[in-house]
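Here is what TrEMBL says about this protein:
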- 572-588: compositional bias 'Basic and acidic residues' (COMPBIAS)
- 597-612: compositional bias 'Polar residues' (COMPBIAS)
- 570-612: region 'Disordered' (REGION)
- 12-33: transmembrane segment (TRANSMEM)
- 53-72: transmembrane segment (TRANSMEM)
- 84-107: transmembrane segment (TRANSMEM)
- 128-147: transmembrane segment (TRANSMEM)
- 159-178: transmembrane segment (TRANSMEM)
- 185-207: transmembrane segment (TRANSMEM)
- 239-258: transmembrane segment (TRANSMEM)
- 279-302: transmembrane segment (TRANSMEM)
- 339-364: transmembrane segment (TRANSMEM)
- 408-432: transmembrane segment (TRANSMEM)
- 439-461: transmembrane segment (TRANSMEM)
- 510-530: transmembrane segment (TRANSMEM)
Amino acid sequence: MDPSAPKYFTIIDYVIFALLLVASMCIGLYYAFTGGRQSTTREFLFADRSMKCLPLSLSLMATFQSAVAVIGTPAEVYTNGTQYWFIGCSYILGLLIPAHIFIPVFYRLHLTSVYQYLELRFCKAVRICGTVTFIFQMVIYVGVGIYTPALALNAVTGFHLWGAVLATGLVCTLYTTLGGLKAVVWTDVFQTVVMFTGQLAVIIVGVQQAGGLSETWVKVRDGGRISGFDLNPDPTVRHTFWTLGVGGVFLMLSLYGVNQAQVQRYLSSRTEKEAVMSCYMVFPCLQVALMLSCLMGLVMYACYGNNSPLEQQYITSKDQMVLYFVMDMLQNFPGLPGLFVACLFSASLSTISSALNSLATVTIMDLIKPHYSMTEARATRISKMLAVSYGIICLAMAYVVHLMKSSVLQAALSIFGMVGGPLLGLFCLGIFFPCANSIGAVIGLAAGLLIAFWVGIGGFLSRMSSSVVPPFNSTYTVAAGPDNITITAVTALIDAARPVGLHGFYSLSYMWYSALNSSTVVIIGLIVSFMTGRTKGDDVASGTVYPVMRTARSLLYKLVEPSACCTSSPQHKIDGHKEINGNVKEDAGTQEETETFLPSNPVSHVEQETSV
């Protein structure tokens, strides 16, 4: 059989793929005709705030475990080794910080949209800026998420491109519109199981094709695909321990700390404790997903070695490598290619459905409801119409991505990372710095977005126009000649190729984008706030600032005097306004209330948001 010829699905493969779409639709229909039948915004957008931590954790993981990651991570490991695996180190702080800072703040304020926090903390203009930025970010990302797997499937198998795009977009839009957040969460659970099953099946069969576990290990070890700790501090190196383990923390915070798609799940849980537990449970789920993707890349290398299908011109893009491997190695196992394609589209469906639900939420809650009074029934109908509208818009965006060709796919993915950083900086400015004001927040966000697009687009254009140089993430193996002449020559070549000046700025690793952009927002926001008159403590809405100093003192107290923690604890409460000035006032509230930095009353702060 010609290796470059398309490998077509069998009937069993088509059946398995169709069953995935049918099962997802059935889940949406079930929740459309049971319970409250999605008749209120509380049920449609927040699952009646009744979700448990296990399904929430799987849904949180599936939301950004997109098809781009499923086909991109194995190709990355195949090409550059296991260095990317170290991004798993960033999951620790990237999930602990949201669990103990962002979730308590958002949950206790009884928010419905995370951007309502921005109005409570700053003003309505900041809230609208945050909402519009998020909508721009997610529409582009969903367009890429729909189109990329369909393009790879079309190129490798001959599967109809727009048939795959429409099947993904329409099915996802329908069950999201019919079943609301409950349908989204439970289809995420189902699709996560399919995703893990498909990847595991490919790994098992691939290991067998490579000659067994021991032979697979020998091939990847001798091929130099097992990476050690690369502690190079150079921020222009694409992947090192620091770019992945530290820069990845900021990326994780932008996804799991302040992104509406994730915060909406936290807010749909029954209690704050379950919301925190769901964030904890995401950690092992993400580690399993990362492990499976990286193992698939190693198995691909064990099967192909250095004879990459891309270099042999059997495929035209690195993104097609995983699907080519599946169709090439599993063609004698009817049903397994269909299972993996179902796995791939499960990742795509989970991302798209979460995005559509969150886009409908922020639009109705941030842009429509504050300006027009309406009944719950009408608000729910409008929310469903918005979900359908965004589904159609994202399909149109997929067509735009198609017109822009593959090079712009990478640019669109970079835009997603670039926009998340400034939003993270905006929330950090409000939560950690009580002196920040509204003017500083708006100008800081604008400065962060400006830097993001300057570095991102400038770097993209710079790479397009630059000549070929040795890759900065490569390992150079040379033999020491007399007087180390060979080593000196190679060192000089690397130093000459190292980017300097503005080109060095453009060459910043994409993993540092979120850190750079969020830091820009905070620094510029604080400078402008002090220049225009910082916010006084009494002007900060209660519960919108995290008590950093109080928490640090408490931790220090426990570390220095652990015995005192076991005998008695200080019985006090610091009010949201007074804590900023360091004053403690007594409260006759319950024990639970004295242990929290936020008011524990049942009245939603959002009800007064338009007057803040």
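Yeah, the Cβs are placed from backbone N, Cα and C, and that goes for glycine too.
Because TrEMBL annotations are produced automatically, they should be read as predictions rather than curated entries.
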Listed stretch, out of 84-107, 239-258, 339-364, that has the most CB pairs under 8 angstroms to the transmembrane segment (510-530): 239-258
Winner by Cβ pairs under 8 Å against the transmembrane segment (185-207), considering only 84-107, 239-258, 279-302: 279-302
Maximum Cβ pairs under 8 Å to the transmembrane segment (84-107) - stretch from the list 53-72, 128-147, 239-258: 239-258
In contact by Cβ distance (the transmembrane segment (279-302), the transmembrane segment (128-147); 3 or more pairs under 8 Å): no
Whether the transmembrane segment (279-302) meets the transmembrane segment (53-72): three or more C-beta pairs under 8 angstroms: yes
Intrachain neighbours beyond the transmembrane segment (159-178), with Cβ under 8 angstroms and 6 or more residues off its ends: 9, 21, 24-25, 27-29, 31-32, 38, 146-147, 149-151, 153, 184, 187, 345, 348-349, 352-353, 356-357, 384, 387-388, 391-392, 394-395, 398, 402
Chain residues outside the transmembrane segment (239-258) and at least six past its termini with a C-beta under 8 angstroms from it: 60, 64, 80, 83-84, 86-87, 89-91, 93-95, 97-98, 101-102, 114, 229-233, 279, 282, 417, 420-421, 423-424, 427, 473, 509, 511-515, 518
